[in-house]
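Taken from TrEMBL, the feature FMN binding site covers 93-98, 145-148, 180-189, D215. Annotation source TrEMBL lists NADP(+) binding site at R305, T541, S601, R602, K607, I608, Y609, V610, Q611, D644. Residues annotated as FAD binding site in TrEMBL: R461, Y462, Y463, S464, T479, A480, V481, Y485, G495, V496, A497, T498, W682. Feature annotation from TrEMBL assigns domain 'Flavodoxin-like' to 87-231. Per TrEMBL, domain 'FAD-binding FR-type' is recorded for 286-527. Annotation source TrEMBL lists transmembrane segment at 25-46.
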Amino acid sequence: MASEQTPMDGAGAGAAAAVAGDEPFLGLLDVALLAVLIGGAAFYFLRSRKKEEEPVRSYSIQPTTVCTTTATDNSFIKKLKTSGRSLVVFYGSQTGTAEEFAGRLAKDGIRYRLKGMVADPEECDMEELLQLKDIENSLAVFCLATYGEGDPTDNAMEFYEWITSGDVDLTGLNYAVFGLGNKTYEHYNKVAIYVDKRLEELGANRVFELGLGDDDANIEDDFITWKDRFWPAVCDHFGIEGSGEEVLIRQYRLLEQPDVQPDRIYTGEIARLHSMQNQRPPFDAKNPFLAPIRVNRELHKGGGRSCMHIELNIDGSKMRYDAGDHVAMYPINDKSLVEKLGQLCSADLDTVFSLINTDTDSSKKHPFPCPTTYRTALTHYLEITAIPRTHILKELAEYCTDEADKQLLRSMASLTPEGKEKYQSWIQDACRNVVHILEDIKSCRPPLDHVCELLPRLQPRYYSISSSAKLHPTDVHVTAVLVEYKTPTGRVNKGVATTYLKNKQPTNGGEEVKVPVFIRKSQFRLPTKPETPIIMVGPGTGLAPFRGFIQERQYLRDEGKTVGESVLYFGCRKRSEDYIYEAELEEWAKKGTLTLKTAFSRDQAKKIYVQHMLEQDADLIWDVIGEKKGHFYICGDAKNMAVDVRNILTKILSTKGSMSEAEAVQYLKKMEAQKRYSADVWS
């Protein structure tokens, strides 16, 4: 290297000159000069070496420390070994249910001498599954939800891709899978079914059959039924015995903290303290952006129901979106319900507290950001309006002073046919939340900290964006129906998010009204070529993403680009009441950007829905998707409308495309694979 050679060359030249001189030996001055030269050369050489070595040393030492820390954090094997556990329950969760089920399974393990831990696959080095067989009586359970169009949840994506693409040898791994899905969706429990099969292909040993939970029916019942058969199979496999009755154990301990400084108390932040006051990108699920509401107006013209058009300003957030994406919003619970729950539990809502995990090895130290107040926890962090699952009833029963009340709750939490029937009628059909239960069962007065431990986390609500970023780059539009209904007990239940939004009205010249939001990318996309024709089916608020699609196509046409035919099937009850965005749709149709097909179900004696219109337009539909290879989109109700539309489409493909029913079904599957058939549906 040049930096090393230059001083060495100088030293060699000096020495040669000295030897060639008249003096037979070196004089004192020569020796001194030579020493300086040699010393300088040695210093330069060493410094050069040091410069070159320094990055190597800093790379080998510094990151090793970092890696060790990360490995400790990510190593579920190390945690299992150091805490004497052999059961690990992984969850793939989008709304929190799979995580809750995983926690209940891990807790159950104590009864069967299998001490367990819950793990988020996103936070683990999943390649360690290869080492799990080294732990005696080890077992990995996977509670996996299927999300979207048969996709893994965000936190299970990497694990899913790893087992899909790799050919790892998982021989010796004991496993079981429970899936969370919804039968109204096309890809029912696709993720769990695939993982269960794939783990077996990779050599792992299935300890118990795949469990499939259906959220359209009673997923709680499905889980308990599977769980109660799962444990005997596990005991049989490992040759162990259960310790009998279930023991109710608190997962978190209460710590009241009256002396905490106010600036250390969480006031509704999702993750980082003060993130709502000191906003900084990137904005995502753990760091939402406080978006000002520019517009909040009513879309319905009558009929007693309400549908809101809301415009959120995202200027300065660096968030980007495409037509078809979702905006997620964190709502807050109704203040009167929060107050009522505090009263029923005889609690001071302004008490500052923390719930601390009794499992010191768990990566989840608290169930929600702590320290905080009960008021904040119940307002921002907990689902107090959700229908409680049976395990909550089981725990609440312990706080009943009246024996009949205790037996009622225990019965509804049981697997007996009478208990299940009672749970269905008294809890589910009556839409009773935890507040209603405590109001109606007078002798049940649990401590509020235990209620906070039992209730699930308040989840963000997702809405299809009803605008195009080409036309509105700094605004996100939302179309939302206000949820409000009377229950069989005479109570009025209100949707958490839509009630929250309804009250968020911007005022002229007043303080900005803001809501915490983030953008979630979607596969629901316009064709890459604008000239490709499209058919959109979106009754009611199913119109939302298509408004963005049509805005975009109009924008492209206005720029002089060639745009393919855009056909929209829209339906509602009455033209005069709930025909949302009527003026816009009619204007786009007038300009020739849109072919508009409307069905007003109650404007005539015999009800007409979008499904009927599709049947009548068989030739048009075959022309677009069969002849012109166009795209087909459905948005809205998954349970009835989406199923009907798919069946009609299969029928049209059979008759117009001269296919058998099996070939038509296959044709649709091929369209899905090519992203030519897309559904954004909910139940």
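Glycine residues also receive a Cβ, built from the backbone N, Cα and C atoms like all the rest.
Model confidence over the domain 'FAD-binding FR-type' (286-527) stands at 96, taken as the mean pLDDT rounded to a whole number.
The binding-site residues in question are A145, V481, A497, and the one with the fewest Cβ neighbours inside 10 Å is V481.
The Cβ of G148 (FMN binding site) has 18 neighbouring Cβ atoms from other residues within 10 Å, across all protein chains displayed.
Ranking the binding-site residues V481, K607, Q611 by Cα distance from Y188 (FMN binding site) puts Q611 first. Among the record's FAD binders, R461, Y462, Y463, S464, T479, A480, V481, Y485, G495, V496, A497, T498, W682, no two C-alpha atoms are more than 23 Å apart, and one pair sits at exactly that spread.
Taking the C-alpha atom of W682 (FAD binding site) as reference, the shortest distance to any of the binding-site residues A145, N182, K607 belongs to N182.
Using Cα positions, the member of the binding-site residues R305, R461, K607, Y609, Q611 nearest to G96 (FMN binding site) is identified as R461. Comparing the Cα of S601 (NADP(+) binding site) with the Cα of every entry in A145, G148, N182, Y185, T479, these being the binding-site residues, the smallest distance points to T479. Residue pairs drawn from R305, T541, S601, R602, K607, I608, Y609, V610, Q611, D644, the listed NADP(+) binders, are separated by up to 25 Å at the Cα level.
For Q611 (NADP(+) binding site), the same-chain residues 6+ apart in sequence whose C-beta sits under 8 angstroms from its C-beta are M641, D644, V645, I648. Counting only same-chain residues at least 6 apart in sequence, those with a Cβ under 8 Å from the Cβ of G495 (FAD binding site) are L482, V483, E484. Rounded to a whole number, the distance between the Cα atoms of R305 (NADP(+) binding site) and R461 (FAD binding site) is 20 Å. Of all the binding-site residues listed (R305, R461, K607), R461 sits in the most crowded Cβ setting, with the most other Cβ atoms within 10 Å. In terms of DSSP helix, strand and coil, the domain 'Flavodoxin-like' (87-231) has 65 helix, 35 strand, 45 coil. Between the alpha carbons (Cα) of Y609 (NADP(+) binding site) and V481 (FAD binding site) lies a span of roughly 19 Å. The shortest Cα-Cα distance between K607 (NADP(+) binding site) and any of the binding-site residues N182, T479, A497 is the one to T479.
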